[in-house]
Amino acid sequence: MFDNSKQAQFLVSFVGTICYFVSEIVTPLVQIVLECAGVRITLLIGTIMISTGLVTSGFATTVWHLYISQGICYGVGISMIYLAIMTVIPQWFPQRCSTATAISLSSIGLAGLVIPIIMYTSNSKLGGSWTFWILGIVYFGANILSCALIKEKSKNELTKGITNTSSNATLVANKEGFPFDNKNKKEDAGSSISSLYNTSSVIGENKKTEEQLKLSKSIVKELLVDINFLTFTGAAFLQVLSRNVPFFFLPSYATFVGLNATQGTSLISIACAASFGGRIVVGVLADRIGNLYIGAIFSIITGLSSLVIWMFAYSYPMLVVLAIIIGFSFDTYYILMPPTLLQILGRQKYTTGLSVLMVLTSPAILGPSLISAVDGALDCEQFLPHKIFSGVLPILSSVIMLILRLRIKRQQKIEY
């Protein structure tokens, strides 16, 4: 589709960065769509945006076409689908939210195995344009099926669920060390129900929509002075900053140490396979032990894998071990972030808190580009800054998460 010059490859590399950045920065706008149109309509719009981005990428003749189609259009679609799904899951799984989130996101690991095979086969036989068109059709069909099957709980079901599980929620809160719903125990129950159900608002109910927007604005002001939320945001920022560094650069590093391109690409497939099982394990353990505890433990594992294994990995077997560990643990943040926020903020502030967090952490997506610039500026072994960067930051993030857990536990003891 484009020439193979270094300049062209450099410019194309920004497409993914733009996509990730847009997917997080537009979450406040996506939240408004959720509140006005509901989950199913939001999913439908997101499906159309993703498929449109992929199909129009097949017609791209310059790099800036890809910036618009796959960077902006595809990125907005991803954001709409992600936020909608993360809004529905807590409605159906209030007590096993981490496990449910992990299972729903584990499919990404399988996609990381299947999609590259489809792309490679299609690109080699049909060309780049047909590859984008085929992906657009496949994504449209799969997402339309999800739109048809997904279901929100009605207000009556949510009211019954909150009544029946209030005592269980208290036990979960005591085990986790979070205030969960207890902090807002004296608040009107209808307010909490409305916050979870706000995504089912009917288009045309202007007064209700205005009230929801005002509520969201007041929640944003509260979040920006909430120490617990800001502390978790700090840990999240470090996670996002370092998360993609090993995953993005393993194939390049494999070539750097003398391996062939096929071996380098296989490392990503191995990491994706490991992430499928790793996500589910993380979710199950988080529901049993606690989100912040498991988040901190797996962040330490991710950091040590870079500092201990990647630092001395100069052979294919060692890189395979690294890929397995990285794949098993590197996506812990995106699995546990929604249920952790739900526990820290409560039901009423959850959706707004999720969108605010994603906006605040969006600059951290530039982490891989930042460390590449640092690597080019320093006179040291190539990829050494990448190893240190992806090792130290997750460990620092885990320290912050443990401090936050102790802080919340201390607050709980004072309250009770």
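The backbone N, Cα and C atoms fix where each Cβ goes, glycine too.
For reference, TrEMBL has these:
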- 1-409: domain 'Major facilitator superfamily (MFS) profile' (DOMAIN)
- 12-34: transmembrane segment (TRANSMEM)
- 41-60: transmembrane segment (TRANSMEM)
- 66-85: transmembrane segment (TRANSMEM)
- 97-118: transmembrane segment (TRANSMEM)
- 130-150: transmembrane segment (TRANSMEM)
- 223-241: transmembrane segment (TRANSMEM)
- 261-285: transmembrane segment (TRANSMEM)
- 292-313: transmembrane segment (TRANSMEM)
- 319-338: transmembrane segment (TRANSMEM)
- 350-371: transmembrane segment (TRANSMEM)
- 383-404: transmembrane segment (TRANSMEM)
Interface-richest range of 41-60, 97-118, 319-338, 350-371, 383-404 toward the transmembrane segment (130-150), CB pairs under 8 Å:
41-60
Taking the domain 'Major facilitator superfamily (MFS) profile' (1-409) alone, what is its mean pLDDT?
80
Same chain only, please: residues at least 6 beyond the ends of the transmembrane segment (319-338) with a C-beta under 8 Å from a C-beta of the stretch. Say none if there are none.
86, 89-90, 97-98, 101-102, 105, 108-109, 236, 239-240, 243, 246-247, 250, 253-254, 257, 259, 267-268, 270-275, 277-279, 281-283, 286, 291, 294-295, 298-299, 301-302, 305, 309-310, 313, 354, 357
If we skip the immediate neighbours and take only residues 6+ beyond the ends of the transmembrane segment (292-313), which ones have a Cβ under 8 Å from one of its Cβ atoms?
176-177, 235, 239, 246, 257, 282, 285-286, 319, 321-322, 325-326, 328-330, 332-333, 336, 340, 387-388, 390-395, 397-399, 401-402, 404-405
For the transmembrane segment (97-118): best-contacting stretch of 12-34, 41-60, 261-285, 383-404, by Cβ pairs under 8 Å:
261-285
Return the stretch with the most CB pairs under 8 A relative to the transmembrane segment (12-34), choosing among 41-60, 66-85, 261-285, 350-371, 383-404.
66-85
State, in range form, which of 41-60, 66-85, 261-285 has the highest count of Cβ pairs under 8 Å to the transmembrane segment (350-371).
66-85
